[in-house]
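Trainee: Just dropping this structure here.
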Amino acid sequence: MACFHLARVKVNWTALLILAHFTYLLIGAIIFQILEREAESNNRNHFQLEKLHFLANYTCLDGPALEKFVQVILYAWEKGVNPSGNSTNPSNWDFSSSFFFAGTVVTTIGYGNLSPSTVSGQVFCVFYALCGIPLNLAFLKQMGKCLTIHLGRLETGMVAVVPHKKAVEALAVSLFFITGSMLFLVIPPLLFSYVESWTFGEAFYFAFITLSTIGFGDYVVGTDPGKEYISLYRCLAGIWIIFALAWLALILNMGVRIMENLVILTHPGFKKHEEEDEDVSSSKLEVTSKI
């Protein structure tokens, strides 16, 4: 009877997570469709009108010739070449840009605005990612441990002054969160908005989309051909991404632990069932190893 109860709770919890996950996806799909579909239609109509006006002003061109030219522009964009400006535009594969690209590979951000166009570059990118992604995960894990140690030291130092442990832990976590937010989510967007001539909202959007490793590629630093960037600008952006990811990973792990604690508080039997599942799994592994 106890085993039956355990199985029933486990299935219910799994079913709840599946239902919540797909419900969240459905809600997101509906809202994005409502917010973006009309704008997409307006942009498409505007582009078609611009093409008609262009053909009316330049009668030497016909429709097929213009479409061919558009295809050339699209091909250039897909290959990472900005079609605006001229041949004096900065290279996408200088050291700074290449360092930034290598960072987006190992962090799996993948903006999509730049990719290897040669077969040798594509092959190298595959093997580079196979080795670089695990290395990056190990690096982020170690950085998370170091940050956790420093957070523990901060809590210990504060406990020596204020004897209330729970209040000190909450205060230390809050200070850690606020300091990291300033260093990684407030000050960098301010600098990006100044250098790239973005609004702060656009720069913050870029920072969050980057650090969450979504990487749409609609905003990327150091790609405006009309601006002159310092040589190490994109290198510094790549270093910011690496350390900010370590901080964000620790924050997300703390958030997961808080959610787990809330579940245990609201459903006291959940922890007991997890421990029983672990004991059953351990027993099975021991039996298997003996066989």
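Note that Cβ sites are derived from N, Cα and C of the backbone, with glycine treated the same way.
Checked TrEMBL, it gives:
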DOMAIN    87-148  domain 'Potassium channel'
DOMAIN    184-260  domain 'Potassium channel'
CARBOHYD  Asn86  N-linked glycosylation site
TRANSMEM  12-35  transmembrane segment
TRANSMEM  119-140  transmembrane segment
TRANSMEM  170-191  transmembrane segment
TRANSMEM  203-221  transmembrane segment
TRANSMEM  233-252  transmembrane segment
Trainee: Mind checking which residues of the chain, 6+ beyond the ends of the transmembrane segment (170-191), have their Cβ under 8 Å from one of its Cβ atoms?
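Mentor: Distant Cβ neighbours of the transmembrane segment (170-191) are 147, 151, 154-155, 158, 200, 203-204, 206-208, 211, 240, 243-244, 247-248, 251, 254.
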Trainee: Cβ under 8 Å to the transmembrane segment (233-252), counting only same-chain residues 6 or more beyond its ends: which ones?
Mentor: 95-97, 99-100, 102-104, 107, 109, 136, 139-140, 143-144, 147-148, 177, 180, 183-185, 188, 195, 207, 210-213, 221-222
Trainee: Averaged over the whole of the domain 'Potassium channel' (87-148), what is the pLDDT?
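Mentor: Summarising the domain 'Potassium channel' (87-148) by its mean pLDDT gives 87.
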Trainee: What does the DSSP secondary structure composition of the domain 'Potassium channel' (87-148) look like, as residue counts for helix, strand and coil?
Mentor: 42 helix, 0 strand, 20 coil
